[in-house]
Amino acid sequence: MKKILAFLLIAAGSTLFFVFLFIFLSKVFSGEILLSRYIFRIGGFELRWYSTLILMGFLISYFVARKRAKNEGINLEEFDELIFYGVIAGIVGARLYYVLFNLKYYRSLWDALKIWEGGLAIHGAVIGALLTGFLYVRLKKPSFTFLQATDLFTSVLPLGQAIGRWGNFFNYEAFGVPTNLPWKMFVPEPYRPVVYKDYSFFHPTFLYESIWDLLVFFMLSVYFKRYRKRHGEVTCLYFVLYSLGRIVIERLRVDSLMIGNIKAAQLLSAVLILLGFTGFLILRSSQEPKRAF
């Protein structure tokens, strides 16, 4: 009886939440409600939605990953230490990647350090975290392998990404080209690119990626628990699945980081798909024991 009651309460709460979210989004997307970047501002102190949602995404992902690490028999003190270093490297990598592609917009080092205002790139974060994880495992010799750690990391990363993308929503960024589709999103003129200043409605690409990230999280979670044979397989699948969605969605975005005439995210995603697919085939065909990886 208690289980049934708990299920009904969760179902009712979830239904109310999604109804509220639908109504709220419909009003924002139509332009009836204009968003603020700030949760509140008191004097010189301000709390932004962007940084809050990034932090929320990290914390939820961290606790899910920690539970999985415990089930894997991993020393949790070592795991927490790796996460600490990985987060620092991830933030530095995410910001550095973004700033390097937008140097002309940063007049000083202080401007480049204002990560709470937005401007983090997931590819830079992943590169920074993976490099740090590799060095940590090589130097500290913990109770887990590098690929075991990356599997834990990438199995929950899409969940954090799905939540963090809503920070772009409140910043009116990471949207796509103009559209007249029923789910079009109103963007105030100050946030529109100059070439699209006469358009009012755009593709909500932040929402597309958030939904895709959530789907990737569920797919990787199922694979992690039921089908994984070798450490590293989940990491390879993350590279493939996330990158497939990113390549498609990036085609619509108007604020992409560029390498010449090529969108950097699409180029790097194509490389990750190739590496991930190749790595997955090698790992699945290997006869070595799981621990070797």
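Every residue gets a Cβ built from N, Cα and C, even glycine.
Over in Swiss-Prot, the protein carries these features:
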- 45-65: transmembrane segment (TRANSMEM)
- 81-101: transmembrane segment (TRANSMEM)
- 115-135: transmembrane segment (TRANSMEM)
- 144-164: transmembrane segment (TRANSMEM)
- 204-224: transmembrane segment (TRANSMEM)
- 231-249: transmembrane segment (TRANSMEM)
- 262-282: transmembrane segment (TRANSMEM)
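In summary, the transmembrane segment (231-249) lies against the transmembrane segment (144-164): three or more C-beta pairs, each 6 or more positions apart in sequence, are under 8 Å.
If you look at the transmembrane segment (204-224), the same-chain residues 6 or more away from its ends with a CB under 8 A from one of its CBs are 29, 68, 151, 154-156, 158-159, 161-163, 165-166, 168-169, 173-176, 183-185, 233-234, 237-238, 241-242, 245-246, 249, 252-253. Long-range contacts of the transmembrane segment (262-282) within its own chain (CB-CB distance under 8 A, at least 6 residues past either end) are made by residues 101, 123, 232-233, 235-240, 242-244, 246-247, 250-251, 253, 256.
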